[in-house]
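**Student:** Next up is a structure, given as structure tokens.
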């Protein structure tokens, strides 16, 4: 018995020893794996392109549709008549490809804009650090010859649609049956610019002046959005019952989200070598981490899409004349495909129901109030101290103002004899705005879930993220993002 015990004891000790070393080896392996993961995901903002590469590789290797991963964006979009999945599908399959092609046509690539105006609210002290802030204006021999011809000035002042000061309590639902009568030159009552003052306006090729990060910094850059939200479009309280004010806030918030996405998607990662690319960290910090901002982006997209479909008959028969017959026929064909696509009509036959607004006795007064607030927001675009930022700010605000004009274009008498009248520049702005919103939604759907996963993992691995110079520049870029 004693011998058996003596012979057994050393074996037990050897076995315990092996278990101890095996445990240490396992712990070491786990530490190595954790360190490798942290090294992979915890990178500085100056290495944002590495995160983007990781996201792209994950996207290619993942065979599951992103709609399954993004569970928080399901069901009906608030205040709209479509759901998130339908919008994602119809945008990816139909709208985005058509819009991408449409905005490159000669008719839609040239935008007439008043680039330099005095700010009506404060002295302009904004400075752009980058040459990318400046706008390349078109020489007179570049933009289409028909664009140089004068417009008719439309109907008399008493007959003009949407005249300022005339209450508009009812919403016209018969606009779809009205046809194009020719381009006119008259001001949009929802926007501030004097569109008839051709002497101070210039044509810009939008394809040569993309919306991107510009390096626009300083007090002027930071206070634009402050003025928009605090003075003209305050966020509605949780108990807000005024649907119209809620709509205005969501429109501006959705537009703001889209602008932020485009800056993050085309960002100056390293100024020393002029390296451009995606900044997923900025995308997450400014938009993706706030679900309400994403939802407002979808809402704004559907609001503008509803304006396009409501004006379908007008836009179908419009003259897209640039002097190039082949291109003009192509443009008209693309417009018709966009407006009457069966997949779009099946997925979102009524993207937004404007008839529920401006109801009750206070409707006319409320419409005038919100119209005034939107005009002030439009005027704030003259305070942007960066040419390219001002260009895209003016274009997209005019596009949103055009959508408002289309959806709420009839006075309280709801007279069917009245017809919609649009400027050529308004239609150009409307289509380009819809394209920018469409691109933003596509970006959120395709890359949003991967960005969220990586950034949330990075935040959880570091209780105090260290933001470098890229984050500091990002905070002030364009109009100050948020």
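Each Cβ is built from the backbone N, Cα and C atoms, and glycine gets one as well.
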**Student:** So which range, 21-43, 44-66, gets flagged transmembrane segment in TrEMBL?
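**Tutor:** Transmembrane segment, as annotated by TrEMBL, spans 21-43.
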**Student:** Rounded to a whole number, how many Å is the Cα of residue 256 (FAD binding site) away from the Cα of residue 386 (active site, nucleophile)?
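**Tutor:** Spelling it out, the Cα of residue 256 (FAD binding site) and the Cα of residue 386 (active site, nucleophile) are 17 Å apart.
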**Student:** When you rank 212, 214, 225, 253 by Cα distance to residue 386 (active site, nucleophile), which of the binding-site residues ends up on top as the closest?
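**Tutor:** Nearest by Cα distance to residue 386 (active site, nucleophile): 214.
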**Student:** Please report the distance from the Cα of residue 214 (FAD binding site) to the Cα of residue 389 (active site), rounded to the nearest angstrom.
**Tutor:** 8
**Student:** I'm trying to understand the geometry here, so how far is the Cα atom of residue 286 (FAD binding site) from the Cα atom of residue 389 (active site), in Å to the nearest whole number?
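**Tutor:** Rounded to the nearest whole number, the Cα-Cα distance is 18 Å.
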**Student:** So among 212, 225, 253, all listed as binding-site residues, which is physically nearest to residue 389 (active site)? Use the C-alpha atoms.
**Tutor:** 212
**Student:** So which one is it: of the binding-site residues 212, 256, 286, which has the fewest other Cβ atoms within 10 Å?
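**Tutor:** Sparsest of the binding-site residues 212, 256, 286 by Cβ contacts within 10 Å: 212.
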